[in-house]
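Student: One structure, pasted below without further comment.
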Amino acid sequence: MRGEVPSVLKITDLVGYLPLVIFGLVLTYISLHAPNFLTLQSLELIVMQSLPVVLVCAGLAVVVMAGGDDVVSGGIDLSIPATAVLSAGITAQMLTSGMPLALCAVVALAACIVVGLSNAVLITKIGMTPLLTTLAMFVAVVGVNNVITVSRRINVDHSWIVALRAQEIAGIPAGILLVALIVAILFFAAHRTGWGLNLQAAGGSRDAAEISGIDANRLVAQSFVVAAFTGFLCGFFLLARGSGSSPGVQDNLMLEMVLATFLGAAFSPRRVVTLWGAVLGALLVAAISIGFKSIGVNVFWTGLIKGSLIVVVVAFSALAQRGR
């Protein structure tokens, strides 16, 4: 009996790597059919296109770290992409009306923080389920954005927005450097401060954290505000990536956020969602998206494949958790 335990544990450990294996096979297939896929120019494009996804994934990772990685009852925030689109919509609308960028940013930030606080109150004070609450908030915020933008594309050519896409510092795109700085700050806050350690303790075992005197509800509430802030920042990168505010962006962004964040758990030795794992997951998902375009895969098939991958990733994540 004792001799069988290690083999069982090894099989359980391997389950957590299966999503990465699947992604590796898909990327290998793409690279074989698109010779230019792994060129330096293509890799830079992948990183640039992944920046909005990286930011929303970082926000979701913080929420999961605070609430636990149970997709239904734990930490989840599906409203982050809608918050990002709201930020982009408000900024684009105000910029085209001649408002200064600083004022646009303040108004957009205030709107996004209201979304985060609303999630926090509904979940920690009223006791609503995070999954349903944030899904409902997603729909509501998208509706608000459609009212603001009248569901139309708004082109933006402000120099600061363009700089996020086109400016380089020491040969590296400014957008990449800025997102790297944001992620590094979040990582420091989550892993090198008392707040971050308490956040992880609350997500790891809520009961144990509360027994030790940690206010888990407060940390969960704060995580939703942090997530809303990452959505606010993401809005500017959405504007830079598409040169404006476009309706419907939030749907694909939410799909990629969930897929990338939980795929990133495979990079963790404990198979849990982490900031760096979420970032790496975002890069992989961006590579898949660009790779499919390069080999001419129909956009509808791309959506089907991504949806299927979400099911696979979440399923294997659940299996890996059972083995812990």
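Positions of Cβ are set from backbone N, Cα and C atoms, glycine also.
Reproduced below are the annotations present in TrEMBL:
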| type | residues | note |
| --- | --- | --- |
| TRANSMEM | 14-34 | transmembrane segment |
| TRANSMEM | 46-66 | transmembrane segment |
| TRANSMEM | 102-123 | transmembrane segment |
| TRANSMEM | 129-148 | transmembrane segment |
| TRANSMEM | 169-190 | transmembrane segment |
| TRANSMEM | 219-240 | transmembrane segment |
| TRANSMEM | 275-292 | transmembrane segment |
| TRANSMEM | 299-320 | transmembrane segment |
Student: For the transmembrane segment (102-123) and the transmembrane segment (46-66), does the number of C-beta pairs under 8 Å, pairs 6 or more apart in sequence, reach 3 or more?
Tutor: no
Student: In terms of Cβ proximity under 8 Å, which residues at least six beyond the ends of the transmembrane segment (129-148) contact it?
Tutor: 63, 67, 71-79, 81-83, 85-86, 89-90, 93, 115, 118-119, 122-123, 247, 250, 254
Student: Give me the stretch from 46-66, 169-190, 219-240, 275-292, 299-320 with the greatest number of Cβ pairs under 8 Å to the transmembrane segment (14-34).
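Tutor: Between the stretches 46-66, 169-190, 219-240, 275-292, 299-320, 299-320 has the largest tally.
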Student: With the transmembrane segment (169-190) as the reference, find which of 46-66, 219-240, 275-292, 299-320 contributes the most Cβ pairs under 8 Å.
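Tutor: Comparing 46-66, 219-240, 275-292, 299-320 against the transmembrane segment (169-190), the winner is 46-66.
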Student: Using a Cβ cut-off of under 8 Å, list the residues of the same chain at least 6 residues beyond the transmembrane segment (299-320) that approach it.
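Tutor: Those are 12-13, 15-16, 18-19, 22-23, 69, 71, 252, 255-256, 258-259, 262-263, 265-266, 271, 285, 288-289, 292-293, in sequence order.
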Student: Under 8 Å between C-beta atoms and at least six residues away from its ends: which parts of the chain pack against the transmembrane segment (219-240)?
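Tutor: For the transmembrane segment (219-240), the far contacts come to 51-52, 55-56, 58-60, 62-63, 65-67, 75, 77, 79-92, 105, 108-109, 112-113, 115-117, 119-121, 123-124, 156, 161-162, 164-165, 175, 179, 182, 186, 195, 198-199, 202, 249, 253.
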